[in-house]
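Novice: Let me begin by handing over the structure; questions about it come next.
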Amino acid sequence: MGKIELQLKATLENVTNLRPVGEDFRWYLKMKCGNCGEISEKWQYIRLMDSVALKGGRGSASMVQKCKLCSRENSIEILSSTIKSYNAEDNEKFKTIVEFECRGLEPVDFQPQAGFAAEGVESGTVFSDINLQEKDWTDYDEKAQESVGIYEVTHQFVKC
């Protein structure tokens, strides 16, 4: 199946360096089986810190899952070296923030939640534990004395 990029697009107000924080950051995804096309009904998360051995000693993956419909074992791996921040200059443009190595599982939807961080453009103030589940986030930068926000968060998957 190959590699699939997750691209993010958002409107940033007075913040930059929007990024997922830590190896325990949860990427909430809905997956599709590459064999039969079954799509998971529930959100599932994968984390960088999780590593599951593949059958037959073929390495490991962030998630290994048996399809409920066709019983095929599929896996997906977060490629840690591809995790990127979304910056002020990326404002309102799609940018790849992570790549997944997909072996039978294809992500079809993404739900950003808690665990993001960003910084004030002028002040460098760090805003941690940003939750993007509502696709919007607002706060106030005391140092810069201005409102900050992240709005209209959307995403797309691109096969590479």
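Every residue gets a Cβ built from N, Cα and C, even glycine.
Below are the features listed in Swiss-Prot for this protein:
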BINDING   C33, C36, C67, C70  Zn(2+) binding site
MOD_RES   S75  phosphoserine
Novice: Counting only residues 6+ away in sequence within the same chain, which have a CB under 8 Å from the CB of C67 (Zn(2+) binding site)?
Specialist: C33, N35, C36, E38, E73, N74, G104
Novice: Write out the long-range same-chain contacts of C70 (Zn(2+) binding site), meaning residues 6 or more apart in sequence whose Cβ is under 8 Å from its Cβ.
Specialist: C33, N35, C36, E38
Novice: Counting every protein chain present, what is the number of Cβ atoms, excluding its own, within 10 Å of the Cβ of S75 (phosphoserine)?
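Specialist: Neighbour count, Cβ to Cβ under the 10 Å cut-off: 22.
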Novice: Within 10 Å of the Cβ of C33 (Zn(2+) binding site), how many other Cβ atoms can you find? Include all protein chains, please.
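Specialist: There are 21 of them.
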Novice: Taking the recorded Zn(2+) site as C33, C36, C67, C70, identify the other residues of that chain whose CB atom sits within 8 Å of the mean position of the site's CB atoms, giving them in sequence order.
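Specialist: What remains near the Cβ centre is G34, N35, G37, E38, K68, L69, S71, R72, N74.
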